[in-house]
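What TrEMBL records for A:THR192 is active site, nucleophile. Sequence annotations record features per position, and here TrEMBL assigns substrate binding site to A:THR155, A:LYS181, A:THR192, A:GLU279, A:ASN402, A:SER407.
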Number of protein chains: 2
Amino acid sequence: MTISPLARPFPALAPITGVRIGTATAGYKNWSRADVTLVELAAGTSVAGVLTRSRCPSPEVELCRERLAGGQARALVVNAGNSNAFTGLTGRQAAAAQTAAAATLVGCAPEAVFAASTGVIGVPLPQDKAVAGVTAAHAALGTGDFHAATLAIGTTDTFAKAATTAALVGDTRVTLTGIIKGSGMIAPDMATMLGFIFTDAAVAPAFLQAALDRANATSFSCITVDGDTSTSDTVLAFATGAAGHAPLTGWDSPGADAFAAALADLCRQLAQLVVRDGEGATKFITISVTGAESDAAAHRIGMSIANSPLVKTAIAGGDANWGRVVMAVGKAGEAADRDRLSIRFGTTEVAAGGAVVPGYDEAPVAAHLAGEDVEIAVDLGLGSGRARVWTCDLTHGYISINADYRS
Amino acid sequence: MTISPLARPFPALAPITGVRIGTATAGYKNWSRADVTLVELAAGTSVAGVLTRSRCPSPEVELCRERLAGGQARALVVNAGNSNAFTGLTGRQAAAAQTAAAATLVGCAPEAVFAASTGVIGVPLPQDKAVAGVTAAHAALGTGDFHAATLAIGTTDTFAKAATTAALVGDTRVTLTGIIKGSGMIAPDMATMLGFIFTDAAVAPAFLQAALDRANATSFSCITVDGDTSTSDTVLAFATGAAGHAPLTGWDSPGADAFAAALADLCRQLAQLVVRDGEGATKFITISVTGAESDAAAHRIGMSIANSPLVKTAIAGGDANWGRVVMAVGKAGEAADRDRLSIRFGTTEVAAGGAVVPGYDEAPVAAHLAGEDVEIAVDLGLGSGRARVWTCDLTHGYISINADYRS
């Protein structure tokens, strides 16, 4: 697999106190790589999550949705190579058996074990391999690190994706580290594949969920590769509390804003990494929408542009085809007034007031589009609603990957 | 331009009494082909239309929307090579001037002249060329036929698309003939490029509109090539009344059902021809959805499948990837119960009751997908809602056409 030209190097990641990692080979496919990951979490770890809105989710998604109500986590199991989605009763039984085995190994209630699986849809997770795999991963606990886990959760990813940041909660420095996988079937509705965030901050589950929801709104919900929403999309955040400060329980807690801002920043970094590994991507595209009637309207317009095959192919071809941007604004279903619309590529305004900017200089636009990072800015001229979303171009590479991939 | 492998031969089309056609070369691009079409309609011709729901429509779309209220048409002007969309005041003035010129030439009120333009967005229609072009087309009235008009309204089309049918209104045989253009920027919201339908039936404008709306719901609204909605999408239906029967004024009029059924059949044929000329298309895909909570839900699920890049690339690769169909059902946002879902490719059921059909025969599925016409059937098992939509596969050809096309 060719590494994405938009790849970023794997960051240096320190361990998070309260988090132990083990990986193993369950052999979900005919390979020798690690494909099952067990993360053991210290007692008292809070958990929050955002899950796919797909109406046909995987058993693991359903399991996480039920268990998030408890707010406490002691383990996370991730399988790669088999998504266990659309596998009926057999798949549900496999997920239950594997997480029950993890609970026994870790010594916790089954409700404190979370799970995610990614890979081919429709093939039940083989229960024997899944249980043997998590047992082997438990035996390896402490030998793995975030880099190993990132590799073990990956499927069609062309590079390992992770990010880290820190925040000050009062005088206490807390670390937030996330790992993520995904490159195709990346889409609007919460968007993204599997992402796991670990922090040593002490955060009550309800506030962790509130901060994650807020972060999600400006990160995972703002990316798209192909407009296709996975049946397995899962982002979970775990807070071990090992940093020892007074727990954050709400927006009024000292340090809550700093923590939430760091979480939002981390999520944005992770989301952008997924776009950078978008199938066939050669350009990273930032779409800024301002002047909409509301932030929600700006988001929908941004995603309409980001999901448009005609906009994405134009960028692939280095074509400042703002007419296609107009088309995508028009089809978004939100208020738009052609005569107030303006469009910028990079720093050059190419259209304003319902028409092309007469004699705009095409040279800087062409130079901008020849680069790896492309910025499209649209101002609706109607209100103060704004949004920023990210996508990649649509290339022959996407077709090659997806017309040849076998189910 | 390579002719689509899914092309259909141009049908034999008899003239429609009350319809006279002339084409000419306005020279909107550096070419010698006809690019302006004038259709003169007999006095008393009724008109109805469905227009793009884009919030950034072209001046011609706005002009049609206003004039449809009058219900009467004496002329239609179509420009190809320049869509006149997003051209501000200059574009509006050009559309007004060209249709005013047509009104003078034909001898009617400006409000009885309809117009459509297709081509590049953002370049104002050159008023001098537009007026000279329609004048030349008027001088040529009667020399053109439907085939000439179909060629003159085309842009990136790889073959000329038209269809004809007939109906019995009482004892009177009426003819319905339609011409259509479009191959990219073809999408859900009413969907399609420019389509013009002519009949010698006598139909009151309000009933013509009602019948066209009903036909649109099962034709133009059920196709997609790339999910992108044009700023110029226009379908107009003209009824000259030359057949001489008692006018159809409502669903109770004798022959109304037969006329409406013929119109729906014609629209479906025209819509399917557009999909058959979808950019880069190599497969014509019919998606049938049954068992949904409502017809509207079935339609949204069908369009979600039809717009999914992952489903469309799978079909391009001859892959019976029903997991991607599950994904597209799941993301549609309509009620779906994984455990009741069943999926058929051709006549073979591949998934049922929440899981793959054990040991289903892959040979007939592979043979079906190797053909030119692919059928995907999804049953939700929830209710009696149903819909049928059409799309094409997503191939390297689409990328080549749209990454290389310059604005």
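Note that Cβ sites are derived from N, Cα and C of the backbone, with glycine treated the same way.
As the structure is a computational prediction, the values presented were derived from the model and not from experiment.
Its Cβ placed at the centre, A:LYS181 (substrate binding site) has 28 other Cβ atoms within 10 Å. Residues from the set of binding-site residues A:THR155, A:LYS181, A:GLU279, A:ASN402 situated with their C-beta under 8 Å of a chain B C-beta: A:ASN402.
In three-state terms derived from DSSP, A:THR155 (substrate binding site) belongs to neither a helical nor a strand segment and is classed as coil. Classification of A:LYS181 (substrate binding site) by DSSP places it within a strand. Sorting the binding-site residues A:THR155, A:ASN402 by the number of other Cβ atoms within 10 Å puts A:ASN402 first. The 10 Å shell around the Cβ of A:GLU279 (substrate binding site) contains 27 further Cβ atoms across the protein chains shown. The DSSP secondary structure for A:GLU279 (substrate binding site) is coil.
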